[in-house]
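A.B. asks: The domain 'ABC transmembrane type-1' annotation in TrEMBL covers A:77-282. According to TrEMBL, the transmembrane segment annotation covers A:28-47, A:76-100, A:112-136, A:156-179, A:191-211, A:217-239, A:259-282.
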Amino acid sequence: MSEGSVTEAIAVAGAGRRRRAPENWRPLLLLVPAFVLVSLFFLAPLIDVFVRSVTDPQPGLQNYAWLVSTEANIAVVLRTFGTAIAVTAVCLLLAYPYAYLMTIVSDRTRNLMQLFIMMPLWTSILVRTLAWMVLLQDTGPINGLLAAWFGIGPVPLIRTTFGVALGMSQVLLPFMVLPLYSSMAKIDKRLLPAASNLGANPVTAFFTVYLPLSRPGIFSGGVTVFILGLGFYIIPALLGSSKETMISALIQQQISVFLMWGQGTALGVFLLLCTILILVVVSRVNKQGSLFPGVER
Amino acid sequence: MTKRLLGVFSALIVVWLIVPTLVIVPMSFNSAPSFNFPPQGFSTQWYENFFTDASWLRALFSSLQVAVLTMLVATTVGVLASLGLAKLRFRGKGLMEGYFLLPLIVPGIVLAVGLYSLFLRLDLLGTLPGFVLAHTIVSMPLVITNVMASLQGLDPRLEQASASLGAGRVRTFFSITLPLIAPGVTAGALFAFVTSFDEVVLSLFIQSPSLQTLPVKIFNSVTQTNDPTVAAVAVITMLTSVVVMLIAQFATRKRKRPVA
């Protein structure tokens, strides 16, 4: 705090003979309530999940053995990862041009574009899923149009992986646009003209200059969308079918329907480990990325 | 040319993001008891249903109660934690901040199962404190990120000046710091309210017949019955969160740094 040293000196003088040493640990007290709450109602439940997965119904790794040896489970895991990958790809393809446009328009338009991206976040996932249920049903407006224009249908949209991916992409797109934009906003706009001055055509300039520079945003957005996508529960439950369960629904089913706490929690630990692993790997690869890609200040 | 093409593409994205949700509004005024679109005729019967049905009203009241209490707890604890984090210069600071933000990235279903198991033992299932505690965990990170952003723009010399003029720590906080970070605190509080008001996954696991929040009742209604009243309920919850978020947007408008 060198720049404030004069005022700091005044402040210290004004505060009288009070020692400065206690100031160093006192702010720690402010963290205590949050620390206690998070430890008791976040960390403890997660530890509970882990403990149950290795002790229920008896101590051992039988729940994990069940997880990897049951074909249906493998199918669910693969489907969940496949859907999350597809949703991440769709979001990236849609968000990239949108975020790029945000960097080249006027301040007013940019604020408007940001508002449009934030607005869906103001409506609960449940309400948006309900709306997709109305739109995608066999007698819904999309199938109505398909029948009227092309004479086909009804095409199964609801209760399909396609429906799930559509709903998930809509909900997750903002989490891709925001980090992409904040990363693109830092790119020097003169670099593309410079590249073309040096003889690169627009495509080459984009792939050799712009795309690599926007990589932090791609990583942050991609990781956020992917890990959020892995854990989705509401949308697959309402837009998917029971034949096409995803991990979250399987966990819920094991615990609430079959009362198989051990198996359900083992799946939960698996999902949690996948999430952590992806975060750690990506933060290693992408040095600039933080552990909390979606939360940028 | 390219810019125009990008404009058309982006406009389509905006339509895809916003328009599908609006379909719920005409559905709520459907005179036929179905979810078929387009609706047939105009009727306010589903709103009448909602406002005359004791179980829907009880769910609405529970939701508001839980959301207000969550907002108070999450904001108080979150602001304290943000102040502590901003003042501290120790090595574990980043880790501590990460610890508080972790609930944002852990899959909701895993935390839900853990809380269900824990609440079973503590007898907190379907209780008001249980709901408030669970919702606080997922709301507080939003308070902390918003307040931390405000604190970053705060000139520490103002607090020192206040102290040099003889104000104590508490006085300095209420007359100097709090007014300066008020936009961040307000936004954080409103985010906390909406997060709690809209929270489904945790609530589904910790619900009981005696206490269900509105999203839980909507979910149960959608999966178990075919009652079009949910369309009206959906519109009401949508309006509530949009209004609250507009206020939050307005509160943060004066701040230069955009909060993602």
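We count from 1, first residue shown onward.
Cβ from N, Cα, C; glycine included.
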A.B. asks: What else in the chain is close to the transmembrane segment (A:259-282), if you only count residues 6 or more beyond its ends and a Cβ gap under 8 Å?
C.D. replies: 46, 49-50, 52-53, 55-57, 62-64, 66-67, 73, 77, 219, 223, 226-227, 230-231, 247-248, 250-253, 289, 291
A.B. asks: With a Cβ cut-off under 8 Å, give me the same-chain residues at least six positions beyond the ends of the transmembrane segment (A:112-136) that come close to it.
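C.D. replies: Distal contacts: 98, 101-102, 105, 142, 157-158, 163, 166-167, 170-171, 173-174, 177-178, 181, 234-235, 238-239.
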A.B. asks: Would the transmembrane segment (A:28-47) count as touching the transmembrane segment (A:76-100), i.e. at least 3 C-beta pairs under 8 angstroms with sequence separation of 6+?
C.D. replies: no
